[in-house]
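So that you can see what the record holds, here are the features copied from TrEMBL:
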DOMAIN    166-199  domain 'WW'
DOMAIN    419-475  domain 'ZZ-type'
REGION    631-652  region 'Disordered'
COMPBIAS  635-646  compositional bias 'Low complexity'
């Protein structure tokens, strides 16, 4: 048993041990407590950072939401303000872009709590979720707003075609194809067509001018009526040029879409409306002019027009001095050196000739091949590689055949209101209004434009007699000059006028031409020839046939019956192509199919049958004549002065002459039959394509 002293030592030892353990535990507890304090401080700092970031984000979100809540519905906005709202919305989207970084920061701070085994309070978690949801909704609302504004601006804004819907009235409706090309729906007849109803009426009215005998005047009067319908007779030439500069139309080969063309035309007609409020209906004029430009330069309705084509088309029909117009047209195609080579001139003439071509009148101006005109211009200037604007104007003053319609158009415009103190010797109109034609063969013989264009004459006066045209009242000096010419012509014989024909234009050789000069490859074309192209082909081939047979006249101011025959033939072929004007053609595939099968096909077959019968009769008659010649020992193709027996000379000469006439007539019939057969093949091809289209 331990002594008290030993017991005390043992207790003291145990106490020292326990004290040491307590000390160790205390130190450990202090370390753990210190570490916990650090963790708590760190967590508290993280929570404070998160709360601060969320509060800051909440402030920014509230500011953005105030702006968003202040937006008016897109449907309540003015059309003219749509672009401004689009710009403001895009700027707002840029302004709220930094909020996205703050949202990301808040989410990063929240994710940093998980490693610390910390969980935000329910209130903080809800606030965080709310901020994320509000940010997503804000983004969606901004994107939706911008999309709605852009769609509204596209569909209803100034660059859209919505404002053009008022250009038509019921039962018509204006619609747009996938490439933005307009077309028109007639709900009454349930048909569609490319041409504006007013354009259809206009072209139907142009058929009334087909009785004008002289092609240059007929074409010019048609273009003048078109010019007035489009209000382009109010458009100054320099204004047109300013509009082109405003829209930065500097690259002539650039292709413009339909909305681009509408923008340019809208600017043009808005300016005209300010000066002529009672005359200009902007939606109607823009739609009509667009329709005309597409008819001339985009017959395939691809929805693309070259910049140069747009410029030349509008400038040609603008108001201004003729030589100033020549200058502007030359400037559009000239190079940086203000000189023009053959290719550039060819592009100018190609685009210009499309205007009469669209009216079906191109054959009278040398056809669509502009190479002869280009060659004529450069031959006039000693075949230099390039010509200047002065040389171009000098050539245009000669009124080349391919461009003669343009100066005649200016004369037609100048003569519209002119009053001449003279009486028409045919219809007795007094005073004569418009053109006045004074005879240089008879004294005091005047003709009004109506009688002159229709080919009417008074007793004792022939169409081939020389005449002078006046588009403004004459002066005393001109009266004296004309009196002198009449006096001279009184003593001249018919042979003199036959040897000295008066040309009304600078003719160009168009027969047996080589390849065409380069034409714009970007110019859209139909997959098959349109009506005007076929009319042009027939008219050109007929004109070439008449030249070959020696019955073509080059005197534009003294057209005789052979030209009447030519126009009658052209008109006949035009009628077989489906009507007097392109606007009367059926519009849907089913209508085209019925019309072709019922009218054109039957008419062509009848004509071909008649011509074949006539050819057979001629062939029989020719064979009989050939046998008679062979029996008499005379070669079929021998000339009249061949050596034959005297008692047969007169009779054989008559037979030879008759045989020649028959051969010529046969050649003409064969040429016409070939034309009709070609057209028949085209119709068969067209019918095949239309049947395929209907089957689809």
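Glycine is treated like the rest: Cβ placed from N, Cα and C.
Caution: TrEMBL annotation is automatic and unverified by curators.
For the domain 'ZZ-type' (419-475), DSSP puts the residue distribution at 6 helix, 15 strand, 36 coil. Mapped onto DSSP classes, the domain 'WW' (166-199) shows 5 helix, 13 strand, 16 coil. Taken as a whole, the domain 'ZZ-type' (419-475) shows an average pLDDT of 78 in this prediction.
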